[in-house]
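Among the features that TrEMBL reports, domain 'Cytochrome b561' is placed at 60-270. The region 'Disordered' feature in TrEMBL is assigned to 1-39. The transmembrane segment annotation in TrEMBL covers 54-78, 98-117, 124-146, 166-192, 204-227, 247-269.
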Amino acid sequence: MDSNSVSPLPPLTLENEKTPPGTPNGNEMPPPPDEKRYEEDPDNAWNCCSWCEYLLIVILSTILLVGVLILALFWVMFYRGGFAWSEKPMKQFNLHPILMIAGFVTLSGFSILVYRLCRCVKHIYVKLIHMFFHAAAIPCIVMGFLSVFDSHNAMAKLNFYSLHSWLGFVTMCMFLLQFVIGFLTFLVLLCCDNKTYSCRSAMVPIHASLGLANFWLAIATAVTGIIEKERETAKDPTLSDENRMIEHYITTAMGVTLILIGVIVTFAVRRTNAPASAKVYVTERI
């Protein structure tokens, strides 16, 4: 056949020439969202110092979160007369600091740290544990609010008259809003995982930032409540100077511990290092 003749068949083309320009092939396609969020990052692999820092945060935060609750219990049991309900309004009030510290600080603090530091189980289980701690805090907060409300009414005291009371009201409203939005956005919307991914992704930094702000607001409320109670104690003529001084040291230790808890929880949340299965900030996880 003449080399200059035109073949009636179309020329053969390679497989990759059929792909339109700019279209990525199978090897170049981006990984699914979950794979991208959980892949190992060799550049951020943990060394001995990272593991020591991780263990230090876990141990120290656990000691502080449990310790502040034990310190409050010791104060109420040995220097405030213990607990009661409506039959003894003065002792009924003692339920308020214990339950509020347990709900807003100890349980909420563990909830934040579990979500940030726990990577040994699937992410959905971490979400459920995170929600469980917050759900367990709700009855503590409700009972703590009812105890102080009933106590003030029984002793003919005003409600919502101080900075502490209004900070507490804002903290409770913000906590409830956070819980409802978090439950609907990050658990209910998982039924349509792919379709709601962009919505959940946009809500993560908002939810995380408001959650940390709510935790600091709870700490500020607790500290102002300690100051308010200490002022009342200083005016109590039935207390001896020795007991008044001991209570002063106990409440001061509680206030310092609360501030340390806020600092270490914030450090743990905002730290760039993360456990080995997810090298991301908590605000980047869904």
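Keep in mind that glycine also has a Cβ here, set from the backbone N, Cα and C atoms.
What you see is a predicted model, and the numbers here were worked out from it, not measured in a lab.
Tertiary neighbourhood of the transmembrane segment (166-192): same-chain residues 100, 104, 108, 124, 127-128, 131, 134-135, 137-138, 141, 145, 160, 199-200, 203, 207, 210-211, 213-214, 217-218, 220-221, 224-225, 286, selected by CB-CB distance under 8 Å and a gap of 6+ residues from either end. The list of residues near the transmembrane segment (98-117) in space but at least 6 beyond its ends in sequence, with Cβ under 8 angstroms from a Cβ of it, reads 54, 57-58, 61, 65-66, 68-69, 72-73, 76, 83, 126-127, 129-134, 136-141, 143-144, 147, 168, 171, 175, 211-212, 214-215, 218-219, 221-222, 225, 258, 261, 265, 268-269, 274-275, 282. Packing against the transmembrane segment (204-227) from elsewhere in the chain are residues 97, 100-101, 104-105, 108-109, 112, 162-164, 167-168, 170-171, 174-175, 178, 181-182, 185-186, 251, 254-255, 258-259, 261-262, 265-266, 269, 282-286: each is 6 or more residues past its ends and has a CB under 8 Å from a CB in it.
Summarising model confidence by region, the domain 'Cytochrome b561' (60-270) averages a pLDDT of 90.
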